[in-house]
Amino acid sequence: MTTPAGTTTGPLAQDEIVVVGAGVIGLTTALILARRGYRVHVVAKNLPEDELDQDWSSPWAGANWCPFSAEERVCRWETESLARLRELIPMGLAMPLPVLRYAATDSGLHNHWYKDVAKNYRRLRPDECPNGGVGVSFESLSVNAPVYLKWIEAQCRALGVTIVRGDVAALSDVVKPMTRVVVNATGLGSLTLTDVLDTAVEPIRGQIVLVRAPKVKRCVMDSSRSDVDPTRSTYIIPRPNSGGVTICGGCYEVGSWERKADSKLSRKILEECLVHVPELSSDGTVEGMDVIRECVGFRPSRAGGPRLEREDRAVRGRRVAIVHAYGIGPAGFQASWGMAKEAADLVSDAVLESAALKARL
Ligand SMILES: Cc1cc2nc3c(=O)[nH]c(=O)nc-3n(C[C@H](O)[C@H](O)[C@H](O)COP(=O)(O)OP(=O)(O)OC[C@H]3O[C@@H](n4cnc5c(N)ncnc54)[C@H](O)[C@@H]3O)c2cc1C
């Protein structure tokens, strides 16, 4: 059975797709595959219950929709994902958010490619922008990353996806006699998987401070000083269904693995966020902010851009397709549905080819 797009949708009696990784990319891919009728098994070192583990990225995300790239395929993924994430608003899983976004130049706004995708997009006047930069306002949304991950996991399980904890040394280790395709959604794990060893994979360190501030109902993203210090970016993202938690960020330190939060940086982050959103504090001072905790997470980036491609390998004398889906860096949630759909399409193509090959034998 095929969809109009030419992908297989029929259930497979025995063949199994193994997804390695249970971050937003792995789980969303697993869910799409399960909805297409595949038998899906997920194995991952970290599962959605590991909310405070720094070994993976997904629970630390803002997680709002605000493009960081003008790369054509990423724009496509983000456009698709915004439509899917909007569908979660009535369920309370996503929250609509007005956004003010500032940058040093138009290239920092990624040349406005999303002006017709985001609602109510407007260029700001020079007098509305800080530091002599440029800016836009638009309607976006945020999701509560830890809650959302648990929701996708539950959707997967309801469709029969099996999800287990496991530390995988090599992708070939998960190939069992019934495995037709392996999806590699390991994020930074692709640096150390012994049959991937992708040295282009690198962390982008992000330090954030969680503040209880129920009055904050807007998002601000300010990278207007990035020409002076590219590691800095100030952002304020309220989290839906969180009892008023707002994420104050942040930094963007490419290649840094420093796990410990720097308290001086946290203070600076809070001061800068307060300038944009005074409602973060009861009295307009940092001391008047109800700080929950400071944290550090690592965005799973990749020099040269994310890897989404199929690689066919011989594993124990059998041809197995590996679909790589990692390296999305700062945009995993906002690109999740689009990237996962294309990963799922690569899986479907591989299954279809393999079935055609078998039929010819
Ligand atoms: C501070 C911060 C703020 C962010 N804000 C946003 C935002 O506002 N919007 C947005 O879209 N994105 C945001 N991001 C980025 C987003 O979090 C990531 O892009 C996204 O989580 C990547 O998902 P992933 O599934 O690729 O990787 P991960 O979430 O890292 O998942 C990788 C999975 O692979 C597993 N794994 C790795 N190695 C192995 C192995 N050897 N064996 C078994 N399992 C393995 C891990 O355990 C995990 O389950 C932010 C990130 C940070 C740190």
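Backbone N, Cα and C define each Cβ position, glycine as well.
All TrEMBL annotations are machine predictions without curation.
Given the structure is predicted, the values throughout are model-derived calculations rather than measurements.
Pulled from TrEMBL, these are the features on record:
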{"type": "BINDING", "residues": "VAL168, THR186", "note": "FAD binding site"}
{"type": "BINDING", "residues": "TYR235, ARG299", "note": "D-dopa binding site"}
{"type": "DOMAIN", "residues": "17-346", "note": "domain 'FAD dependent oxidoreductase'"}
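Structure coloured by features recorded in TrEMBL.
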| residue | record | DSSP (3 states) |
| --- | --- | --- |
| VAL168 | FAD binding site | coil |
| THR186 | FAD binding site | coil |
| TYR235 | D-dopa binding site | strand |
| ARG299 | D-dopa binding site | strand |
Requested in this report: Can you grab the distance from ARG299 (D-dopa binding site) over to VAL168 (FAD binding site)? Cα atoms, rounded to a whole Å.
Outcome: 20
Query raised in the report: What same-chain residues, at least 6 away in sequence, bring their CB to under 8 Å of the CB of THR186 (FAD binding site)?
Result: VAL20, GLY21, GLY26, VAL168, LEU193, VAL196, TYR326
Query raised in the report: For TYR235 (D-dopa binding site), which residues in the same chain are close in space, meaning a Cβ under 8 Å from its Cβ, but six or more apart along the sequence?
Result: GLY62, CYS219, VAL220, MET221, ASP222, ILE247, CYS248, GLY249, GLY250, CYS273
**Report entry** Overall pLDDT of the domain 'FAD dependent oxidoreductase' (17-346), taken as the mean
**Finding:** 96
Query raised in the report: So among the binding-site residues VAL168, ARG299, who's got the most Cβ atoms within 10 Å?
Result: ARG299
